[in-house]
Amino acid sequence: MTPSAPARADAPLPGTPFVAYRAGQLMLEDVALAELAQRHGTPLFVYSRAAMLGALAAYQRGLAGREALICYAMKANSTLAVLKVFADAGCGFDIVSGGELERVLAAGGVAGKIVFSGIGKTRAEIRRALEAGIRCFNVESLAELDVIDEVARACGRRAPISIRVNPNVDARTHPYISTGLKGNKFGIAHEQALAAYQHAARLTGLQVVGIDCHIGSQITEVAPYVEALDRVLDLVGAIEAAGIRIRHIDLGGGLGIDYAGDTPPAADALWAALLARLDARGYGDRALMIEPGRSLVGNAGLCLTEVLYLKPGEQKNFCIVDAAMNDLPRPALYEAFHRIVPLRQPAPGASATTYDVVGPVCESGDWLGRDRPLAVQPGEHLAVLSAGAYCMSMASNYNTRPRAAEVLVDGGEARVVRQREAVQDLWRGETA
Ligand SMILES: *Cc1c(COP(=O)(O)O)cnc(C)c1O
């Protein structure tokens, strides 16, 4: 089990470079988290701008000197202030719905840097994306090619497209977040990809610009990426031999983060390996696109929660907190592990009790951490770490629980970037 406190005072907590205890207080950058919890209440998501930009910088270093566009996969965390950090840093965005398109445009994202993924794009979404002038549709089926062609011709445009190919590579991750195997619903099978490109090239509403794949999420090894790249390059060779030029190669996202002692490669190390392969195979001149989500925001965020009750039991002790599966759905959804630490550093030698940390929602699946040694009392606060990705963006109102507030930290400054939802907001539009 991962220890709940760092080995020495002031050392950053594992995986989260800007989280550390200072004088016994948990800090994010130069902000004391206990003060934020007092001022804004809990549950409260808090994000570090420096951590996001630091994660982005690793990709930028890895891709330096190449024609490359980093498209942040915004479904990981689509809060406007988070999008703005990446838009200001020059990023593009990977979107998966018309809602995400409007959201990222509202945050100042540039349409010409947006790629649109997803297997179920509606005609209305396609039309709106064409009118906005997005960079590329990442197409996931033959039927979708025909629909995009039809919509584009109807509005007098040519839609830039890339086909998402399924390289049939095992990303060796959780089955719910593995997407590059034959049994997955995503992409067009490797074997059918050439025919799909030939079909696309004949459609006058389309312009073939690239090829893409995305093999899964929370990937912690380099090898599956190299395998996927090899498979994609095999196809680029075949497609270009058929006279269809592939201008960009998009290798998707999926790089993992350290949740529980995981050791994914650094983004720059991963890209050193991929660029070496690309060059060796003679495709070093192609424009590159990538779609990282989790690895840009996951370890930049945490969720503060108050201990409500301690409930000792014969088989289990429960630490009941005010955050729940509606705020932090990953444990319930994937049995995911998040480190959980107290905001006040326990005294050396303080005796810890082992708890299951659970929320108030009426589901046995509503747990945030199992068998955690903690020395806490009701009224004290905990931080659930690595909560920047696939937490707030997946939050729901189950049990009529308003969604949490969010704060963005930059150095010693902390700014509320999303107000806590009011309970009256929850039945807006309803009729009794
Ligand atoms: C979700 C998704 C991503 C981002 O995945 P991460 O694991 O968060 O990096 C990238 N591309 C596509 C098509 C996706 O669906």
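A Cβ is built for glycine as well, from the same backbone N, Cα and C atoms used for every other residue.
Under a cutoff of 8 A between CB atoms, and with a sequence separation of 6+ in the same chain, the neighbours of Gly293 (pyridoxal 5'-phosphate binding site) are Tyr72, Ala73, Met74, Lys75, Ala76, Asn77, Asp94, Ser217, Gly253, Ala389, Tyr390. According to DSSP, Gly293 (pyridoxal 5'-phosphate binding site) is assigned to coil rather than to any helix or strand. The pyridoxal 5'-phosphate binding site annotation in TrEMBL covers Gly254, Glu291, Pro292, Gly293, Arg294, Tyr390.
Here TrEMBL flags Arg294, Arg330, Tyr334, Glu363, Tyr390 as substrate binding site. Under a cutoff of 8 A between CB atoms, and with a sequence separation of 6+ in the same chain, the neighbours of Arg330 (substrate binding site) are Ala336, His338, Tyr390, Cys391, Met394.
Taken from TrEMBL, the feature domain 'Orn/DAP/Arg decarboxylase 2 N-terminal' covers 59-297.
According to its DSSP assignment, Lys75 (N6-(pyridoxal phosphate)lysine) is helical. Annotation comment: TrEMBL describes Lys75 as N6-(pyridoxal phosphate)lysine.
Binding residues for substrate (Arg294, Arg330, Tyr334, Glu363, Tyr390) extend across at most 27 Å, taking the greatest CA-CA distance. Less than 6 Å separates the Cβ from ligand 1 in the case of Pro292, Gly293, Arg294, drawn from the binding-site residues Pro292, Gly293, Arg294, Arg330, Glu363, Tyr390 in sequence order. Across the structure, Glu291 (pyridoxal 5'-phosphate binding site) and Tyr334 (substrate binding site) place their CA atoms 22 angstrom apart. Within the same chain, residues at least 6 positions away in sequence whose Cβ sits under 8 Å from that of Arg294 (pyridoxal 5'-phosphate binding site) are Ala76, Ser217, Gln218, Gly253, Gly254, Leu255, Gly256, Ile257, Ala389, Tyr390. With respect to their backbone Cα atoms, Pro292 (pyridoxal 5'-phosphate binding site) and Tyr334 (substrate binding site) stand 20 Å from each other. For the binding-site residues listed here (Glu291, Glu363), the lowest count of other CB atoms within 10 A around the CB belongs to Glu363. Counting every protein chain shown, the Cβ of Gly254 (pyridoxal 5'-phosphate binding site) has 29 other Cβ atoms within 10 Å.
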